[in-house]
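Colleague: Before we start, here is the structure in question, set down as structure tokens.
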Amino acid sequence: MADRIHWTVGQAQALFDKPLLELLFEAQTVHRQHFDPRQVQVSTLLSIKTGACPEDCKYCPQSPRYKTGLESERLMQVEQVLESARKAKANGSTRFCMGAAWKNPHERDMPYLQQMVQGVKAMGMETCMTLGTLDGTQAERLAEAGLDYYNHNLDTSPEFYGSIITTRSYQERLDTLDKVRDAGIKVCSGGIVGLGETVRDRAGLLVQLANLPKPPESVPINMLVKVKGTPLADNDDVDPFDFIRTIAVARIMMPSSYVRLSAGREQMNEQTQAMCFMAGANSIFYGCKLLTTPNPEEDKDLQLFRKLGLNPQQTATEHGDNQQQQVLAKQLLNADTAEFYNAAP
């Protein structure tokens, strides 16, 4: 196995500065060396706990600091989550991601989260969660339940980060990724394009990700979805070619990682998405909503796949374990009280 490159910001920026077609050729070449270029991994993301998040991320409508009109919702019952997972699997998703608007999960939440993971795993789907900061014990408990991936984005470069978020440090995010990795869970971590960052900041984000002790298995690249009421609602639109460049550089710097088109696809036309796949994207979120912002409908995605000759990737455990599902159905936990599901303060 070839030695990994320890990337510098200068090296990453040099990739961004390449002529676009030359960059795309290099990215597609790298992509074909590590993946089947016709296969796209398909995930579905469900918000299992919406709003009332104590963080101040300037892009996010889930913070009560901003008047966005978003109504907060308590943690979903386990069976509700599993029903959504069944629908996602029927529609072609192979990974089910569950997101909660918390700074961190509390001890009282853990039994419910563990049952969600166990139930989705029993269907033969891969599991992913994004719950905020984790401690080592929480990561281990989720791993024991069978969690495959944990998402915790770095969002942007260390230098620009403080302009976007003040309630959680960059180091806290890196520490959570370390705890996830130590627990044996695969890492999903990426960032957002369009926060007001420079190209050097985009390079800095990708350097942070690529230089982790082990690069993330999954790297979601989001385009800012501007939500009225958030501080970034009036940001300039992202040039599609700048976004495509970011995908291409991510592919070159993290050749074995899945690079996912995440939030913002609703704003992209088919041509832009096609160029992202050419640049090395090989994973998407599939369905009508990403947490609280729009996403293309499933049938539009399938139509685009047919036009481009792409195929949804299948998993080895797609049939699931019916016996395990029946056992879990008898054990599902329900809320003890209405207050049980309040967001972590």
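Backbone N, Cα and C atoms are what each Cβ position is placed from, and that goes for glycine too.
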Colleague: Can you match one of Arg32, Arg260, Arg265 to the [2Fe-2S] cluster site that Swiss-Prot gives for Cys97, Cys128, Cys188?
Modeller: Arg260
Colleague: Over the domain 'Radical SAM core' (38-256), work out the mean pLDDT and round it to an integer.
Modeller: 90
Colleague: Beyond the listed site residues Cys97, Cys128, Cys188, Arg260, identify every same-chain residue whose Cβ lies within 8 Å of the center of their Cβ atoms for the [2Fe-2S] cluster site.
Modeller: Ser43, Leu45, Arg95, Thr130, Tyr149, Asn151, Ser218, Pro220, Phe285
Colleague: What three-state secondary structure does DSSP assign to Cys60 ([4Fe-4S] cluster binding site)?
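Modeller: In three-state terms, Cys60 ([4Fe-4S] cluster binding site) counts as coil.
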